[in-house]
């Protein structure tokens, strides 16, 4: 009797489900496509029976029609570019392993009896592994993205897994240089995660690069807080278990999603649903940032029992999984189109962005706009275009008569696909590199010295500023992508203008740190976090617009070399030298005996034992005045880039805006 009741129930509910989620116009589309294909199947009707879905089959399906419908839904869902984006967000949530080094290093230090110099060397290896993604970018041109994600997962597992074996005594002790190598290998795995997530999503959303890059880089910045909360859920008495979690957790996520995070075919232009989908993602980002900030403050101030920690972690997982509703909603609410129709929809995009190969007999006028008279810019748009066309026709006529010789520029033009060697000879690429080095390098100087700064100004809870700047960094990445997208989408103006604004904000933040006013740490942390985070949303999107997405992995990972370069010079050399000089002056005033070090400035990077302490705003006054000046230089370089790329952005977004 129970079986009969169940069968009757499903015989009623399945037709209702199909009728609800398959609108009548979709049924007509299916029937029309079947009728159009009928002519191609006439020769087969004598030997095989053609299976077709009719209106009656869809309202009262047989098991066979139900399986066909479920298969179509699954294929549509699996090939949805929003599913790829959500999966990339989950990958990025595990791609910030370097942010956990502050929690890992004490375990390594106590277990292996390292001193602070040796831990500092491990920290340098971590920074290099986190930033040197050149190999990942080069391999992205050879390997498929799923293989690249697998390589990153294996590097993470081998590197940190071996460190865990050594720390727990399951493997023999290794020399320090081998431990540095393992830390480098493990942390370098996240560069593969970054490359796969950015390359696949930038190709899937070529018209929404700012929001895409900003959100993905934002989740990478939040990954430290997310993994820390998951570790609090584990609550293991073995402190080395955090290393085991770092070795296994990101590896499992990467392998589970490696066949989902990929470029998908079909229609990649802006759709009406994109605005609401991005709005939902932004809401989740803001709620997630506020939630993590609140959880960190509560756990810091109150000793919570394990039940409450489980509830807080469960809410975190709900927020992380919530965006999966977007591809589910689009799958059941949109009109599914066959692959042939999707391919036709994507053709206009291919026409607007032709390949960089040109006919050798064709005269290329891409630089005529840059070489026009200055007064032409003052004319109306229609008259300006008319003047440029006249100039082009005159040049073509003169070339045909042999009066002038046309010098064709080799290689692609801005806005087309460059490889790394072609980009390296372009002034725009080096402008991007240097503005990133100055901007992000000065921001990392704050992040690296935040503990010493707060101590010198008399703050006891130094870790609260570290937590705050990570949240502001996340919001800067998300907000930088959002604001820069408005600039290019609504005004067809170069994206680097938003970068110049971020660098102006950072210069003000450095001034607050230099002056040491009451509350300056809070305001400076806010401004620097927002400005520094915006760099990592704007720079990759700009690089993909100026130099294409075909070799984006190699281009992006070369630009990231500016990050450790700026940190080494500004934080490791300049800031530390000025701090030590001020500390020595204060020690002399107190009558202390100072032993002068004969080491070079580079060697002093690792000499952290028995360091002198400096108090007061004077400790970092000169450092952050210099950092403020460097941000102003970066702002000027960004404005030069804006002036040079106006035409490129008019061609990319002007037509879309019209």
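Here the Cβ of each residue, glycine as well, is placed from N, Cα and C on the backbone.
Remember, TrEMBL labels are computer predictions, not curated facts.
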Per TrEMBL record, range annotated transmembrane segment [choices 280-302, 349-371, 372-394, 395-417]: 280-302
125-144, 145-164, 165-184 - the range that TrEMBL marks as transmembrane segment: 145-164
106-124, 429-447, 581-599 - the range that TrEMBL marks as transmembrane segment: 429-447
Considering the transmembrane segment (496-515), which listed stretch of 429-447, 462-484, 521-543, 555-579, 621-642 counts the most C-beta pairs under 8 Å: 621-642
Residues from the same chain, set at least six apart from the ends of the transmembrane segment (555-579), whose C-beta lies under 8 A from its own: 127-128, 130-134, 136-137, 191, 195, 198, 418, 420, 423, 429, 432-434, 436-438, 440-442, 444-445, 448-449, 452, 539-540, 543-544, 547, 601-602, 604-605, 614, 619-620, 622-623, 626-627, 630
